[in-house]
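Student: Take a look at what TrEMBL says about it:
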| type | residues | note |
| --- | --- | --- |
| SIGNAL | 1-18 | signal peptide |
| TRANSMEM | 34-54 | transmembrane segment |
| TRANSMEM | 74-95 | transmembrane segment |
| TRANSMEM | 101-120 | transmembrane segment |
| TRANSMEM | 127-144 | transmembrane segment |
| TRANSMEM | 164-184 | transmembrane segment |
| TRANSMEM | 196-212 | transmembrane segment |
| TRANSMEM | 232-254 | transmembrane segment |
| TRANSMEM | 261-281 | transmembrane segment |
| TRANSMEM | 287-305 | transmembrane segment |
């Protein structure tokens, strides 16, 4: 199936995003304005989708495009949710440490499954629910540090506000993903036309965020468009291209597959990133990391394998004629 290839490619791109971002630093700092990366990635996705839509319109059978405003305005919602989510992320990190934040972020695996059932009315089997919970356990296990690295009770030392915001962040992330899938599948419109609407609002909101940053800083460094490419290198452009390509693959999965496939792809990408970091950045491998990888692989097998392959069915005896 095509989505297997797309999911595998998404895993590779997602896992390399953090690595390329780290390599784009100079002496541990960014020489460029990091807020410009999402804007350029959204602009790249909009440009690619617009070109593919134009090519599609040149074909003998024009694509289906719903142009009523009451339909187009729905694509504004994911941009608003992601904007709120980004601010909640920053607020959460003021109360909890990064390790605790990453562990709380794994709740989005379970919340995605719940919203997947409630919003999209997609029924999951008991075995699939067990697999989703097991995936959350596996990713969490891989991120837990041992007592030799950090105090064992550090996970429970944050204020209550931090945990509440962490849960809210996980819910918003899942809601944005499930709602985007709903938009992609609610009609038979062209995927490229849907992407154009989605990324158009993404460009507008990211541009607004850059303007807000200039206003907050009192325009000390001038308007954002004058320093848009300041400090950019080849590695920085790879970060932009990688992020944009990841978004295009996610929209394809939302259209032709579902959020659960995306969750597994991003979870496996996280584990792959941690493994690569051991070799590239001298991060010490832990027993928890390998245990988490094993648990996630078992979860992957449980969710996607047919039941008859997991359970040995009794052999039927041939009927003998008298």
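Glycine is treated like the rest: Cβ placed from N, Cα and C.
Small disclaimer: the values here were computed from a predicted structure and weren't measured.
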Student: Any chance the transmembrane segment (196-212) and the transmembrane segment (34-54) have 3 or more Cβ pairs under 8 A, given the pairs are 6 or more apart in sequence?
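Tutor: Yes, the stretches contact each other.
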Student: Restricting to the same chain and to residues at least six past its boundaries, which positions have a Cβ under 8 Å from a Cβ of the transmembrane segment (74-95)?
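Tutor: Long-range Cβ neighbours of the transmembrane segment (74-95): 101, 104, 158-159, 161-162, 165-166, 168-169, 172-173, 175-176, 179-180, 183, 194, 197-198, 200-202, 204-205, 209.
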Student: Using a Cβ-Cβ cut-off of under 8 Å, list the residues of the same chain that are 6+ residues beyond the ends of the transmembrane segment (127-144) and lie near it.
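Tutor: Distant Cβ neighbours of the transmembrane segment (127-144) are 99, 102-103, 106-107, 109-110, 113, 155, 260, 263-264, 267, 270-271, 274, 288-289, 291-296, 298-300, 302-303, 307, 310.
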Student: Could you tell me what the rest of the chain brings near the transmembrane segment (164-184), counting residues at least six beyond its ends with Cβ under 8 Å?
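Tutor: Residues 74-75, 77-78, 81-82, 84-85, 88-89, 91-92, 95-96, 100-101, 104-108, 111-112, 114-116, 119-120, 191, 194, 198, 251, 254-255, 258-259, 262.
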